[in-house]
Amino acid sequence: MKNPNTFTWNAIIRGYAESENPKPAIELYGLMHSNSVEPDTHTFPFVLKAVAKAVSITAGEQIHSIATRRGFESLVFVQNSLVHMYASCGQYQSAVKVFEVMPNRDLVTWNSVINGFALNGKPSEALALYQKMDLDGLKPDGFTMVSLFSACSKLGALALGRRAHVYMVKVGLDKNLHSVNALLDFYAKCGCTKDAKRVFNEMVERNVVSWTSLIVGLAVNGYGSEALKYFKQMEAEKWLPSEITFVGVLYACSHCGMVDEGFRYFDKIKQYYGIVPQIEHHGCMVDLLARAGKVKQAHDYIQQMPMQPNSVIWRTLLGACTKFGHVELAEVARAKLLHLEPKHSGDYVLMSNLYASERRWSDAHKARKSMLEEGVAKIRGHSLVELGNQVHEFHTGDRTHPQSEEIYAKLVEVTKRLRLEGHVAHTGHVYADIEEEEKENALVHHSEKIAVALMLVCSPPGTPIRVFNNLRICGDCHVVIKLMSKVYGREITVRDCSRFHHFRDGSCSCGDYW
């Protein structure tokens, strides 16, 4: 074509924007601009969609500038595209700035900014916007529900998620496959596996995502055998599992100590389904061996991998070395991590803890000192609980809560009652050269214990308690919460960064398998 017009340019830009490779759409827009072809009201939404998929924030900002100069920024569908683009590129603050100056907002606008917060680790803000949207009289659709359930699952906001479920059924969105998959995933991530299974069994239509969400959900909750049972049912019904499905299957084997089964399923990935194992699958195999205490075998496996191991795999090995006391292999893993991801605070902490557990206080001090010298900030542990339609956040030793006095009085009571049950604080989990009494006090004030104490104070007897941690639960907290579930007659669920622990009658769903 000698002189393609704006319509023609738009058509080819749109085609690439909606394809799996959106980058040529951005390049074509640049050619259109250099050929002095005037964009119209359709050009910017198409090219901004491509920018969002390609996650090219620099190009997005340049196009935003051009749209403003040409007077297109005030159009609602251009503004919606800008909100979506900024949110998809992780620039949620820029997305909010565009959102706040918009005189007219439609459902697409609200969905874009809510999803932007949910995707960028701001679930509280996503929920606040959803509630504001509701006050503005806009009714959510399937896209809203997906973002809402994602935010609820990250915060452990079970009560709000249940209300959203009731609304879904009321307006008929329970027939929307994407919404129902998000609902299933939400229940699984909140530790409500019975609800997740009920949603799955009631689904009118299912896809591979439905099966995968349930299998992964059961695996993370410690029900590995049940996860494998559903996988076998999936195979029997002739569904083709995806790469992610097999991550769930291997995860189930890893977290339940099924080493032989894990290797059998790994062999099946390629031999039976023709799927080339990705780094995530190899990572599951390293984790499988590491959790079983086969640390040297895990290291041998890493050395034989067909691709270069990433930081996650080396960190898995480092964590196992800390757990099982393999100092030499830990130093090998640490050297690799210093090359791959030198600023990760958890690696410094793991090495310091390992040295401390071996009573090598000088080396432990050096690890902490180098962390400070490199300007690496330690990730602060926190625990979340939902009470009275509000999510409460606690840090270790936290006294900022209005009911701190009652909470700490309850912790004193808990300590006394557990001692009568024969509990002795596991001070070996305090990696500091301090007196035993100081170690015991430090353990009592861990954030998950404070969160459980709040629920014991404020919720009716027998009410289930759910705690969400951003870090892994320590050994002493695991023992204490097991005993608390027995002494206080509560079902207590703790989701940490690794998996779920369901405590009931003095035992845990993990079977104490770490």
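Every residue number used here counts from 1 along the chain in the order it is shown.
Glycine is treated like the rest: Cβ placed from N, Cα and C.
TrEMBL annotations: computationally assigned, not manually curated.
Pulled from TrEMBL:
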- 422-514: domain 'DYW' (DOMAIN)
- 5-39: repeat 'PPR' (REPEAT)
- 106-140: repeat 'PPR' (REPEAT)
- 176-210: repeat 'PPR' (REPEAT)
Message: I need to check the long-range neighbours of the repeat 'PPR' (106-140): which residues 6 or more away from its ends have a CB within less than 8 Å of a CB in the stretch?
response: 76-77, 79-80, 83-84, 86-88, 90, 92, 95-96, 99, 146-148, 150-152, 154-155, 157, 160, 167, 171, 391
- prompt: Using DSSP, what's the helix, strand and coil tally for the repeat 'PPR' (5-39)?
  reply: 24 helix, 0 strand, 11 coil
Query: To what whole number does the mean pLDDT across the domain 'DYW' (422-514) round?
result: 82
Message: Using DSSP, what is the helix/strand/coil residue split across the repeat 'PPR' (176-210)?
response: 26 helix, 0 strand, 9 coil
Counts of helix, strand and coil residues, the repeat 'PPR' (106-140), according to DSSP: 26 helix, 0 strand, 9 coil
